[in-house]
Amino acid sequence: MDLEAAKNGTAWRPTSAEGDFELGISSKQKRKKTKTVKMIGVLTLFRYSDWQDKLFMSLGTIMAIAHGSGLPLMMIVFGEMTDKFVDTAGNFSFPVNFSLSLLNPGKILEEEMTRYAYYYSGLGAGVLVAAYIQVSFWTLAAGRQIRKIRQKFFHAILRQEIGWFDINDTTELNTRLTDDISKISEGIGDKVGMFFQAVATFFAGFIVGFIRGWKLTLVIMAISPILGLSAAVWAKILSAFSDKELAAYAKAGAVAEEALGAIRTVIAFGGQNKELERYQKHLENAKEIGIKKAISANISMGIAFLLIYASYALAFWYGSTLVISKEYTIGNAMTVFFSILIGAFSVGQAAPCIDAFANARGAAYVIFDIIDNNPKIDSFSERGHKPDSIKGNLEFNDVHFSYPSRANVKILKGLNLKVQSGQTVALVGSSGCGKSTTVQLIQRLYDPDEGTINIDGQDIRNFNVNYLREIIGVVSQEPVLFSTTIAENICYGRGNVTMDEIKKAVKEANAYEFIMKLPQKFDTLVGERGAQLSGGQKQRIAIARALVRNPKILLLDEATSALDTESEAEVQAALDKAREGRTTIVIAHRLSTVRNADVIAGFEDGVIVEQGSHSELMKKEGVYFKLVNMQTSGSQIQSEEFELNDEKAATRMAPNGWKSRLFRHSTQKNLKNSQMCQKSLDVETDGLEANVPPVSFLKVLKLNKTEWPYFVVGTVCAIANGGLQPAFSVIFSEIIAIFGPGDDAVKQQKCNIFSLIFLFLGIISFFTFFLQGFTFGKAGEILTRRLRSMAFKAMLRQDMSWFDDHKNSTGALSTRLATDAAQVQGATGTRLALIAQNIANLGTGIIISFIYGWQLTLLLLAVVPIIAVSGIVEMKLLAGNAKRDKKELEAAGKIATEAIENIRTVVSLTQERKFESMYVEKLYGPYRNSVQKAHIYGITFSISQAFMYFSYAGCFRFGAYLIVNGHMRFRDVILVFSAIVFGAVALGHASSFAPDYAKAKLSAAHLFMLFERQPLIDSYSEEGLKPDKFEGNITFNEVVFNYPTRANVPVLQGLSLEVKKGQTLALVGSSGCGKSTVVQLLERFYDPLAGTVFVDFGFQLLDGQEAKKLNVQWLRAQLGIVSQEPILFDCSIAENIAYGDNSRVVSQDEIVSAAKAANIHPFIETLPHKYETRVGDKGTQLSGGQKQRIAIARALIRQPQILLLDEATSALDTESEKVVQEALDKAREGRTCIVIAHRLSTIQNADLIVVFQNGRVKEHGTHQQLLAQKGIYFSMVSVQAGTQNL
């Protein structure tokens, strides 16, 4: 008789949000995936189960079968009991108030009912135990397996070779770690138990049906194949649409992660609307698919209910015929009818379980595919040679190479190079000629296409991969630090390093002094990607990290590029010392740093065209000679004043070199990534939940108010559907009443009428169920799209201090964006329809029941609060569980994101195992929560299931008493019972949404906190002045500033400076002195503070207007920025350049002109797809110099009034720098320009040079004036020029 339970089971189905996987496959694979649904085998899904899991699943399955058999068995008892009622009470035609208690049949009836009550109670006790074991054991087994799958998947990602990351879209891998694996969790947990329960109910129902009355069973079964076919079609349609929907959400997730990861670039170029449009485009696609899914699924559902009611009509018509002809008793007919009905409905209950399982198989296909992917270069492999000692002789033999992602673009074209043990070989050449590629091949990040690389005469492919990388120390041009302490970052160099060794390495790298000035010293957290440190500080820590490794082979790829003048000579000396006795390969654009190398190899077009010592190559007058000449002319401050003949001077000139400005990351980068500044990789996210105000559900629904017509139609249909069940109860009690004494012809006539009524109810239910599901489904899809869009828009609106918060790292925000909206929809949309339906069901049932028998109604209603309290307790406990789970998975997600984003550094440092162990440690929390959830869910589920059996016992025993005492008729007992119990079961189903509701409330609270947060600097604000005329005068007046995340570290301490229209202001000073902070304040990433009583009037002026009073969008539109670490987006070169001006459509001609001005056009023309070439994630497919030139083109296309150049030419090689410098000089004409540079030769023509020290202006004037002062600037120029003799 579990009609309503079945109905609810059928009506429930996964919403689009539940299918919100984020796919991490290449775009090519994605396109393929949308066409065909790929799934793994059923048993393969459980491949990570051990004997304990198998035991849990086996016992869970046995108990699910026992639980599922309970209802059909109860129907046998119900049938026999009905016969007793009809035989004992039905043969008497006494008025309602007449008492049977004095008559013998009454006493017999009470005795019989007591016996049946014991049967019901016994079944209830069995169900109580079975349901608990079924749910809790399957949930436990799922929790254990999911922990292993997460672990294996993360291990598999870390194990892949770098070429795999080039081809696959890594931005989606973290979302896959959370979302896709959650889908597997959904599919292999309690829903499998529910499936077996439904299957057991199905078979038990039909077996009971055949035993008790095969004729009626066969007639009812005639309609079953059609029902089964409609269920199969439904499942197939759902699966196909879910798959397409997942792909659309995956693309949206990738857009969001990319934009949030490059938030400063997005804000500086006013790209928020463009990013939002890109995001919304994918969301719109997902919404459309979701709506089509709702239409298809609900037509199938309407047909299913039409068929179900048609089967009622047929069954009652034929059953009544058999009873009237005395072939069956009424009890037999009822047993057969309800057993078959329950069996058929269980198919409906199994449908969502099948769907969840299908989703899990789809998600697992890609997850397991990555797990099973065996890389050619496996860093976890134990195979390979591990010699006891390595001399360090290196040899390249005819090496050819092209990157996997651009196989048709050859980088190395027959490279031959020999390096003797202990030798230092310098690789020089233009940007993109293959120097850095050589360094990557030595580390076996890639294998050559042809040729071999040997160490000590052995092919490096014969060495153990981990061993090979451990003997190599690397300092790259873009040093990546991890979000932990300085000490821990240096420990990544070598696992078992002591504090003394750390201090020694730090002193050698000239970082000791600045570390000791920090409040937390070695325990200072560096922020995400080292954002809390300046570029020079980061670079020195990276050098210390390499030195502590004590490597046999040292690879220095622009190792001193980010150092200021004060540090570079000392660090260069430290590196010279570190090179002693080691084979060293140095890449440098600044040729003075490599003059003393044993061998200098000149690269051109992927081959070495010349090699020899400095003096030998100068005599040859080839590539090297040409590069030196170009550089010398650029670096002499004034040839008559500085002589560079001194060898010593040349070496000291070194580090600031060519790239010196690239990737300085200076204090500027207190950026977004200071996110992690407070908490290291061991992120504590306790604060995340602390101040989240609860949100009423009404507030969430208000976001759906524009869809009110859908809600009105849907609610009316839901109420109608809710009323169908009590209507069924009324008809059902009337049918039983027919079989009392009376004329058979009249009985048959009445049965025919009731059968037609059933058919009519079926036709109504087709329309009402379709409309209910479709309207709420569509409204739910619109809400999900709206919530995601609003959340992303709200994130893009926030000020920089919000992104600096450790809780708002890219990984955490991406995870929240992917899950919060989905979880809110999990408790709205179609779920809301079911709640409305179930409330209508119970409400109508109670009203009818009070009319027909208030005494029995009151008894039954006493059961309802118990079920309700059980639901509330479950919700409270699961809410706490959901909160902890969310928090702990975010912490794990941060570790995963950091490792995946910086995979090259992780691999170079051989720290894959370290990151894996940290991730695994963070998985213990979610696992512990899943264990608690298993028991809570098991207990509450079993109570709600067993209460129905206990209520049968109480109801019919008390019902017998009421009949015997003349208070009710048997038909009324049946009516009241079926109306109330089915209503209560519906309420139980409503309470089963408790976990979803708990998650939804928490997610909604987070979303509304985000929506309602008013940023200090609102990027979307329309307020503020938008002057018609803007000259470009800038004044800083006593500006005091500290970064919000490090309020106790002063950056600017009373800064005053002035730039007139059209002037070029150059800012110079040591790394971390506040130069880039000036640029950030101009961009209004932050507003200045008043630090002391002396600076109460501190403010920032542009053209006499306080910057705060200008419209922030208008202000940023006047500024063009080229930063030291250019971030490009994973789209075409043309799109990246056009990103410079997001206020209009930029023409192709303008793009080409800007590219020519930035000297990148000739390179682009050599690419197969030219301007349509994709640059890869963060521009990884391009060299540093190529990226920088595209960034310059991007700034030039903006035609800004004020140009901000923060180390704009830092990544350029000798050939390009001069041309680009000329282009920038030209671009500066008529514009106010602020230039930050370590290489002082690039700024000698500035109108005003300002020397910073400790956040204040120490000197200012022209180049000549400052030289004449013989102060700080004079010393810096002297050091760079290589002599103190002026």
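Glycine too: its Cβ is placed from the backbone N, Cα and C atoms.
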Residue in Gln349, Gln477, Gln1148, Gln1221 which Swiss-Prot records at the ATP 1 site where Arg406, Gly432, Cys433, Gly434, Lys435, Ser436, Thr437, Gly1184, Gly1185, Gln1186 also bind: Gln477
Asn97, Asn298 - the residue Swiss-Prot records as N-linked glycosylation site: Asn97
Which listed span Swiss-Prot calls region 'Interaction with HAX1', if the choices are 27-49, 625-647, 1016-1038: 625-647
Shared topological domain relative to the membrane, Val86 and Lys244, Swiss-Prot: no
Site from Asn91, Asn168 that Swiss-Prot describes as N-linked glycosylation site, others unannotated there: Asn91
Sparsest-packed among the binding-site residues, when each Cβ's other Cβ atoms within 10 Å are tallied, from Gly536, Gly1184: Gly1184
Candidate binding-site residues Arg406, Cys433, Thr437, Gly1184, Gln1186, pick with smallest Cα gap to Gly536 (ATP 2 binding site): Gly1184
Cβ neighbour count within 10 Å of Arg406 (ATP 1 binding site): 17
Coarse DSSP state, helix versus strand versus coil, of Cys1073 (ATP 2 binding site): coil
Lys435 (ATP 1 binding site), number of other Cβ atoms within 10 Å: 24
Integer average pLDDT (0 to 100) for the domain 'ABC transporter 2' (1034-1279): 77
Secondary-structure category, per DSSP, in which Cys433 (ATP 1 binding site) falls: coil
